[in-house]
Structure formats: C-alpha cells, structure tokens
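For reference, the structure is listed below as structure tokens.
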C-alpha cells in the first residue's frame, strides 16, 4: 500500500502548480528521492525474501518433504510476483524519469528565473542610480532655476531702470529740442540785432561824413573870404588832416551779441546829428576869424572821435544804453561848443 501511495504521489506531481516557491519544489523533490530510495530498499528486501524462498524450495526438493504441486504453485506465484515487480519497476522508472525531466526543467526555469532576477536586480540598481542622478539633476536644476529667477528679477529691475532712464532721456531730449529752438530764436534775434547795429553804424558814418563835408564846404567858403596866409593854410591843412576819420567795417565775430535794441534809441542819435549838422556851419558863418572856427571844428571833431571810440569800446551789454548816452552827450557837447563860441565872440 505504501508503494501504491508513492506511485499516486508521483502521478500527482504534474498537477502541482508552478506558482509555488522554489524552496517548496526542492523539498518535494527531496521527498520523491527519499520515497524512491525506500521503494528500492523494499524491492531489495523482497528479492532477498524470494532468494530465501528459492533456497527453501530447493531444501524442500532435497528433503522431498514438500509435494511438487505446492512447489509449482509457489514458483508460479513467484513468477507472477516477479512480473508484477518488473512492471512496477518499469512504471517507477518511467515516473522517476519524468520526475527527473521535470526537475531538470524546473531547475532550468529556476536558473532562468535567477538570471532574470539578477538582470532585474541590475536593472533596479541602474534605475536607482538613474533616480539618484535625476534627483541630483533636479536639485541642480532647482538651484539653476533659483539662480535664473534671481537673474530674471535683476534683469527686470534693470529693465525698469532702463525704462525710467529712457523716459528721462526722452524728457531731456525734449528739453534739448526746446533749448535748440530757443537758441535758434535767440540766434535769429542776435542776427537781427547785429543787422540793426550795422545799420546804426552806417547811419553814424553817413552823419559824420555829412558833418565833415558841411564843415569842409564852410571852410572853403571862408578861404575865399580871407587871404591865404601861410599860418591859415597850415591851420586848414591840419583841420583837413584831422577831419578825416577812418572807419573799419566790423567783422561778424567782433559784433557783440546783445538783445534786440528798440528803434527809440535811433531817434536821439539822428536828431543829435542833425543838430550838429545845423549848428556847425552856422557857428562857422557867425565867427569872423577863420582860425577860431577851425579851432572850434577841430575840437568838435576830437570830441566826436572820443565819443565814437568810447561807444565802440564798450561792452556788448552796455551798447544798447551807450547809444542813448551818446545822444545825450552829443547834445551836451553841442551846447558846450555854442557856449565857447559865444564867449569868444564876447
């Protein structure tokens, strides 16, 4: 019965699930091998018993105590038992071979699974290392992100400063444009003032030339009246030489840059010059002696030179006021000349 149970167990081995653990399979294989060894021991015992039976039969034959029929039956039983034992041995060998093949297959699968497990462990280790490297990269990336965020904040602050600076530059540019426009307007006004100054200088030149031409005409008339003595000729030649006043055309650089002068300052100058023109020849006609007239005219020409030179040597800021003063001074000089001439007549 034990032998039959072992056979059933061997037949039930293929039905075992492959999902069992490797240790369970190894234990089962060990149990199968132990049962196989037990069966082999049992067979050896039975073979020994058969040998003992043969010995007994031979002893019985020898003794002739046992009948032949019993011996034949015993022999037949022994043959049957041998055949059964051979069939059982063949079945057991087949089962053992199948079990060995299955065990080999299971061992191969176990080895394959071990290899796969090793591969998977290697893959897991590689993945862990990759995870560590990725974590390090993430940490470094976070640090870089923080650095980039700080840099972006700095750049945004710089951009804001640049925008404010741009606005300031635009405002300053507008101020510069306004200043340029103001400078252009002031330049135009200065050019106009320079033109007015040139016109005033030309008018003064014309008036001075008219004055001296009238004086010369009056002196030529007095020469026809009085005899030409050498002393008088010397005086008249000195008067002619002194009456020639040279004027240089002013350059644009020498013209002072002053604000525009109103036209009211021109009127006293022209009136003073006209008075001078009107008083000069009359005084000369009223005086009897030519020397006194020439002396008075030389004094008037020297005063004109001083006043004209004084007006040219003034600063650009005082030129506007200087013209009005020259007009007043010319009136005063005319009054002084009249007084001196009246005193001489008296």
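Using N, Cα and C of the backbone, Cβ positions are placed for all residues, glycine too.
Within the set 133-161, 162-190, 191-219, the record from Swiss-Prot flags 162-190 under the feature region 'Leucine-zipper'. Following the DSSP three-state reduction, the secondary structure of residue 131 (N-linked glycosylation site) is helix.
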